[in-house]
Amino acid sequence: MSSILIIEQILNGLQFGVMLFLMAAGLTLIFGVMGLINLAHGSLYMVGAFATAAVAGATGSFLLGLIAAMVAAALAGAIIEMVVIRRLYKAPHLDQVLATFALILIFSEGTRWLFGSFPLFLDIPDVISGPVTLPGGIAYPIYRLTLIAVGLAVAIGLWLLIERTRIGIQIRAGENDREMIAALGVDISKLYTLVFALGAALAGLAGGLVGAIQSVQIGMGEPVLILAFVVIVIGGIGSVRGAFVGALLVGLTDTLGGVFLPEFFKLFMETGAAQKTGSAISSMSVYVLMGIVLIWRPTGLFGARS
Amino acid sequence: MKVDERVCNALVLFGMLALPLWALAQDEPFTITLVTRAVILALAAVGLNIVLGFGGMVSFGHAMFFGIGGYAMGILAYHAQTYMPLDLGLFTFEGTKSMPVIWLVAMVVSAMIALLVGLLSLRTSGVYFIMITLAFGQMFFYFAISWAAYGGEDGLSIYVRNDFPGLNTLVPIQFFGVCFAILCVVLFLVARLRASPFGLALNAARQSGVRVETMGLDPMRIKLVAFILSGAITGLAGALFADLNRFVSPSMFSWQLSGELIVLIIIGGVGRLMGPVIGACVFVALEHALGGLTDFWHIYLGVILLCIVLFARGGLIGLLTGKESAHV
């Protein structure tokens with residue numbers, strides 16, 4: 001267990017964490033402002049990944065692909081908001097879960113219909129492929145570092161948007177009191193569509209970025225969606241700051257747990273059994289983390305106290 | 001046209017019994033298996049409905065109990081079929097192929113897990129409850145995947161269906177009979193439960209915990225008991241489902257299955273005694289009919305579900321009886 005390995009794993013955990021943040025930020029905004037549980041958020045992630053694969057494949061430009069991902073996901077988001085989601089804001093959570101579950105089915109099968117069942121692969125542009133040597137002699141893929149940088153940049157941008165702009169004021173006001181900001185003359189339904197499209201664009205961006213290191217396939221959104229839910233529950237639903245802290249916690253726990261728990265069990269078990277027990281427990285570690293947080297603070301780390 | 005809910009219920013049960021008998025006469029064993037599948041899914045959803053419909057707790061992790069029931073059957077039968085006793089430390093257990101024993105184990109283990117999960121989850125409510133039950137379900141899912149001793153990701157195959165005294169369970173209609181009888185017994189008990197003082201208290205706890213407390217009852221405790229009962233019933237359904245397929249795998253724990261169980265209840269009608277049963281029949285029928293028409297049948301299922309949420313609140317029973325809510 002060298003320090004190089006540890007640093008590498010921490011970077012991997014950070015990379016995973018910031019990508020989860022892109023997903024979780026949209027989810028938590030949508031829940032905070034509109035009070036909606038959006039299971040279809042994973043589908044928007046998938047839409048982004050497929051749009052990147054299609055456009056990057058046709059034009060040869062990864063950057064154009066990413067722009068296409070955000071545009072396609074934002075469009076898809078705006079359309080489902082106007083056609084379906086809008087009718088669900090006042091519905092009980094149960095109806096929201098079911099309707100967005102139905103949207104997942106429609107999106108997944110629709111994508112299968114358009115692109116077929118086989119996974120697509122995305123090439124990383126030459127400039128950012130290959131490893132870079134970090135101080136301390138650690139060779140680490142540039143692309144993953146880029147992901148961390150993009151994720152952090154989006155986090156800062158989102159913070160500026162929410163804290164420093166007029167739209168941000170409206171979003172924060174919308175979280176506190178919908179009727180009041182409607183009474184102040186803000187077009188609330190436009191604001192809702194905008195927030196939904198913004199969240200969708202972030203999910204699409206995450207899909208396009210992660211699609212390049214994994215394969216782009218049907219159903220890729222659901223595992224990420226569930227983890228993003230874990231993130232926002234840990235962070236406190238509605239809190240973007242909570243989503244950021246939660247995402248890093250979950251990313252690091254998941255990555256480091258997978259590497260270090262088997263090692264930990266080797267201290268007092270035979271190697272084979274330790275490997276099995278360690279990997280079994282590490283695959284559950286994120287959910288154990290969430291359980292502990294919720295038992296300690298039933299509304300998450302940064303959630304509103306009721 | 002408004003139909004009385006009781007007439008509606010009786011018709012559904014009659015149809016569920018008549019279809020396999022007709023299939024038996026026509027010598028179409030596949031149809032019998034299909035109806036058996038609907039019966040078992042209905043049973044699982046009847047369990048979930050106690051929590052979700054009567055108690056107002058949206059559990060998004062009930063596949064956890066379905067899977068536990070499935071694995072209880074898988075593990076017991078696996079030890080019996082390989083003649084490797086199960087070493088439990090204090091004593092060893094031969095494994096068993098006897099259905100009643102398996103059912104009992106499935107229900108007891110599910111109930112114990114439900115007690116633990118319920119104690120932790122019921123501290124939260126609303127969205128947090130949905131998410132924490134989802135998280136517990138995922139925990140079991142990943143545990144099952146990495147549990148190499150019982151097949152890990154590949155699951156466990158059981159070669160011969162387990163035994164029920166006096167029956168040959170490998171004959172589809174006989175196994176159907178067992179499942180259908182269980183469903184009827186459970187439905188009867190759940191109907192009694194709903195009308196009992198406990199059921200009324202649970203209904204009250206759904207509406208207002210504070211009022212229940214002022215009556216001198218502990219709403220937490222009532223909800224916890226409901227959660228345990230619900231888990232045990234869904235666990236029993238899991239054991240039957242595993243026996244139907246003679247196969248268990250981590251997919252029994254998947255969150256999609258939790259979602260589907262919720263879907264069954266909403267299609268039929270939330271909080272109705274027979275809601276889950278009607279939902280399961282419709283779901284299995286749709287799956288079969290649309291699946292035969294096109295490979296992309298999930299799109300149509302999605303559209304139908306959307307229409308039910310947007311336009312038919314109260315589910316099919318609500319639509320038929322003209323009453324949107326199950327609760328008066």
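Cβ from N, Cα, C; glycine included.
Per TrEMBL, transmembrane segment is recorded for A:20-41, A:61-85, A:97-122, A:142-162, A:191-212, A:218-237, A:244-265, A:277-296.
Contact between the transmembrane segment (A:277-296) and the transmembrane segment (A:218-237) is present: at least three CB pairs lie under 8 Å, with pairs separated by 6 or more positions in sequence.
A Cβ distance under 8 Å defines the sequence-distant neighbours of the transmembrane segment (A:97-122), meaning residues of its chain 6+ beyond its ends; these are 37-40, 42-43, 46-47, 49-50, 52-54, 56-57, 62, 65, 76, 80, 84-85, 88, 91, 208, 211-212, 215-219, 221-222. Remark: the transmembrane segment (A:218-237) makes no contact with the transmembrane segment (A:61-85), by the rule of 3 or more CB pairs under 8 A.
Sequence-distant neighbours of the transmembrane segment (A:244-265) (same chain, 6+ residues past either end, Cβ-Cβ under 8 Å): 1, 5, 9-10, 12-21, 24-25, 155, 227, 230-236, 273-275, 277-279, 281-283, 285-286, 289, 300-302.
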